[in-house]
Amino acid sequence: MSAGGAVPPPPNPAVSFPAPRVTLPAGPDILRTYSGAFVCLEIVLGGLVWILVASSNVPLPLLQGWVMFVSVTAFFFSLLFLGLFLSGMVTQIDANWNFLDFVYHFIVFVFYFGAFLLEAAATSLHDLQCNTTMTVKPLLNDNQYNINVAATVFAFMTTACYGCSLGLALRRWRP
């Protein structure tokens with residue numbers, strides 16, 4: 001208690017906590033922007049990469065394990081990112097969302113570019129022969145090769161979408 005017996009009023013939260021810094025709209029309006037459309041494409045194409053690599057039975061786990069990790073992780077984080085904007089939580093969480101958007105898309109772009117290169121390298125090993133105890137057989141059969149070609153194409157398209165999102169995020173972060 002103060003000397004006068006009155007309790008000081010609590011601080012105004014609007015003064016204590018600055019408003020979040022975000023230039024993208026929250027709620028369903030995010031889907032009407034280029035960034036929202038790219039995030040939706042990233043989710044769909046990244047899911048296809050994940051499904052295609054998994055359906056090839058991962059014949060080269062050293063190379064394709066990283067591709068699976070990146071595609072699954074990026075898929076779920078992109079869903080979380082889109083969910084935060086669709087639910088409007090970005091307006092209630094004090095953060096520089098423009099900077100976080102840029103950092104997220106930069107990291108995922110770098111990782112997805114590496115995953116694309118590894119998937120392309122795994123696909124290029126189609127004609128490589130593998131010695132077993134009885135016979136010599138190709139490392140990838142024709143079905144696995146076709147699936148890996150499709151996964152490589154979709155990994156490239158997903159990488160391009162993350163690159164476009166990175167460019168848009170850079171423009172928002174540094175106008």
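Glycine residues also receive a Cβ, built from the backbone N, Cα and C atoms like all the rest.
These come from Swiss-Prot:
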type     : residues : note
DOMAIN   : 30-174   : domain 'MARVEL'
CARBOHYD : Asn131   : N-linked glycosylation site
TOPO_DOM : 1-33     : topological domain 'Cytoplasmic'
TOPO_DOM : 55-65    : topological domain 'Lumenal'
TOPO_DOM : 87-101   : topological domain 'Cytoplasmic'
TOPO_DOM : 123-148  : topological domain 'Lumenal'
TOPO_DOM : 170-175  : topological domain 'Cytoplasmic'
TRANSMEM : 34-54    : transmembrane segment
TRANSMEM : 66-86    : transmembrane segment
TRANSMEM : 102-122  : transmembrane segment
TRANSMEM : 149-169  : transmembrane segment
So if I exclude everything within five residues of the ends of the topological domain 'Cytoplasmic' (170-175), which remaining residues of that chain have a CB under 8 angstroms from its CBs? That is, six or more out. 23-24, 35, 98-99, 101-102
The correct DSSP tally for the domain 'MARVEL' (30-174) reads 118 helix, 7 strand, 20 coil
Per-residue pLDDT averaged over the topological domain 'Cytoplasmic' (87-101), given as an integer: 90
